[in-house]
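Feature annotations, courtesy of TrEMBL:
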TRANSMEM  A:12-33  transmembrane segment
DOMAIN    A:74-261  domain 'ABC transmembrane type-1'
TRANSMEM  A:77-96  transmembrane segment
TRANSMEM  A:108-135  transmembrane segment
TRANSMEM  A:141-165  transmembrane segment
TRANSMEM  A:190-211  transmembrane segment
TRANSMEM  A:243-264  transmembrane segment
Amino acid sequence: MQSTLIKPALATYTALFLLFLYAPFVVLAILSFQTGPEGGPQFPIIEWSTYWYRHLLGLVPPSRIAPLPIDESLLRSLGLAFMTMVVSTVLGVASAQAFRTRFAGSGIVFYLIVLGMMVPGVLVGLGMSLVANALGIDRHWWSTAFVLHVVYTFPFAFLVMLAIFNRFDESVEEASWSLGVPPGRTFRKVTFPLIFPGVLSAMLFAFTLSYDEFSRTLFASGRDLTLPLAIYGTFSVEIHPNVFAFGVLTTLFSFALLAVYAALMTLSIRRAKRVALQEEAA
Amino acid sequence: MTMTALSDGLAEARIEQPKPQRTTLWLVLPGVLWMTLFLVLPMLMMVYVSFWTQTTFAITPVLTTKSWVNFFSSDTYLTALWTTIRIWLTVLAATLLVGYPTALFVGLFVRNKTLQTVLLVLCVIPFWTSFLIRVLAWRPMLGKEGAINLVLQGLHLTSAPIEALLFSELSVVIGMTQIYCVFMVGPIAFMLGRIDPNVLEAARDLGAGFGRIFRTIILPLSMPGVVVGAIFVSVMVLGEFATSAALSGRKVNLLGNIIVTQVGSLKWAFAAVVGVVLTVIMGVVVAALLRVVDLRKEL
């Protein structure tokens with residue numbers, strides 16, 4: 001193909017594409033350093049300041065702009081994400097383990113699980129609140145919203161674990177069984193350490209998806225706000241650069257999470273390598 | 001060798017993995033129960049409630065089709081239905097047009113695996129920001145005094161700010177395209193990456209130009225990726241309400257927005273009707289897309 005011309009053209013296009021992906025966020029980050037409280041969410045920057053970051057943390061004298069309700073909602077979001085992470089990872093590992101043997105109805109079960117990540121939050125959220133209404137249950141972030149978060153993140157954990165088990169060498173388990181180690185102990189001592197990197201990825205997926213999730217929460221969480229709901233609340237009113245500052249902070253938080261994940265991953269891979277080396281030496 | 005044979009023989013007697021069917025059942029049961037109770041049941045409940053009787057502030061389980069008649073005879077709802085379909089089709093086309101060239105470059109032209117991974121990771125990084133923040137980030141971009149208008153005026157391309165950029169259908173389409181186009185790029189790049197370079201080489205040696213190679217080889221082979229991307233984008237766009245709430249200034253009402261407003265005013269039965277309509281549209285769209293390409297055969 002006339003790649004002499006087409007390749008540079010496509011490369012330029014890809015660069016523009018990345019600009020399209022990143023530009024809004026860069027603009028948002030710049031505007032978060034607008035002066036306050038009189039500076040608005042637009043150019044030009046009147047004066048560079050960290051006012052809106054301090055505003056977010058409650059370090060500035062009260063002004064007409066109400067602070068974002070982040071302290072309590074942050075705790076709720078983290079709690080919810082943690083609960084969701086634990087439950088959906090356990091469910092994901094268990095179901096993926098079950099899929100290692102063919103069983104009747106596995107096709108239907110597969111689609112049933114994957115459906116959870118496909119059905120939009122508006123629909124399950126609405127359905128769940130209808131069920132809660134009919135049963136006379138109060139909606140809370142730790143009950144109705146929590147079960148929906150798991151419905152959403154469990155399929156991701158399941159698919160990650162399925163991919164891990166696909167590349168899994170079964171002979172090590174068989175060796176363990178044939179030495180008389182019971183299945184439960186084999187799983188703890190042999191299988192689990194081997195699939196641990198996958199479990200970490202599943203946990204990361206579940207945590208971040210739940211931490212960000214809002215359409216399911218909007219319908220199913222009742223009165224108490226989670227972090228995304230607090231941001232959604234600003235949509236209808238005039239926005240101020242404090243929301244931008246908050247956006248920068250959550251993004252930094254996500255990257256910190258990613259860094260922790262990367263560190264844990266490197267550690268577990270290094271440990272696996274060391275074990276392999278010891279085995280070779282022995 | 002004899003050792004393994006021996007231990008195999010021993011294992012036959014002692015191997016503690018009997019009743020695999022029962023273990024499997026216990027492993028898969030919690031997940032299935034969870035999905036049935038908290039996904040299938042709510043969806044069925046939505047269908048059921050759409051036939052309940054709606055009074056001003058409550059619903060009673062007396063079956064009626066009144067809410068359905070209401071939906072299909074109301075201009076507001078039908079307009080929302082049409083807006084949803086129009087925006088969905090526009091965004092679908094836009095994500096495909098915007099995403100395909102990038103996928104082509106990443107999947108086919110970059111043969112260096114490291115560079116390929118770097119480019120894909122660059123596409124995914126924005127997902128580490130909250131979805132709502134990414135939507136809000138378009139406000140300072142598109143506004144009357146926003147970045148785009150500043151740049152356009154700075155370059156003397158326009159003399160007055162373009163006001164139609166924000167709080168219009170256009171802003172919703174731009175926002176959604178940016179947020180969802182990566183879901184198009186990923187699957188297409190994946191399919192393109194699997195094309196055997198020898199096939200392209202052979203076509204080139206036989207004298208085919210890039211246009212011909214693209215039409216007869218690249219495009220058909222990338223179709224499964226396009227279909228998977230289209231399914232992702234369709235399901236997400238059809239279930240959207242936040243982008244239009246943030247960027248249209250309440251001018252664009254999607255079916256999702258209607259559900260949110262109806263629930264806000266406790267019109268549960270109407271909300272359920274809209275929910276069922278949305279579910280049906282999604283089902284039809286996904287089924288139609290799956291007919292285009294048999295994914296199980298292709299992947």
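Residue numbering: from 1, along the chain as shown.
Positions of Cβ are set from backbone N, Cα and C atoms, glycine also.
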Legend entry - Outside the transmembrane segment (A:12-33), six or more residues from its ends: residues with CB under 8 Å to it: 41-43, 45, 48-50, 52-53, 241, 244-245, 247-248, 251
Inset, instruction - Using a Cβ-Cβ cut-off of under 8 Å, list the residues of the same chain that are 6+ residues beyond the ends of the transmembrane segment (A:243-264) and lie near it. - result: 25, 28-29, 31-32, 41, 52-53, 55-56, 68, 70, 200-201, 204, 207-208, 227, 231, 234
Legend entry - Cβ-based contact of the transmembrane segment (A:190-211) with the transmembrane segment (A:77-96), 3 or more pairs under 8 Å: yes
Legend entry - Intrachain residues whose Cβ lies under 8 Å of the transmembrane segment (A:141-165), provided they are six or more past its termini: 76, 79-81, 83-85, 87-89, 91-93, 95-97, 99-100, 113-117, 121, 124-125, 128-129, 132, 195, 197-199, 201-203, 205-206, 209-210, 213, 216-217, 220-222, 224, 226
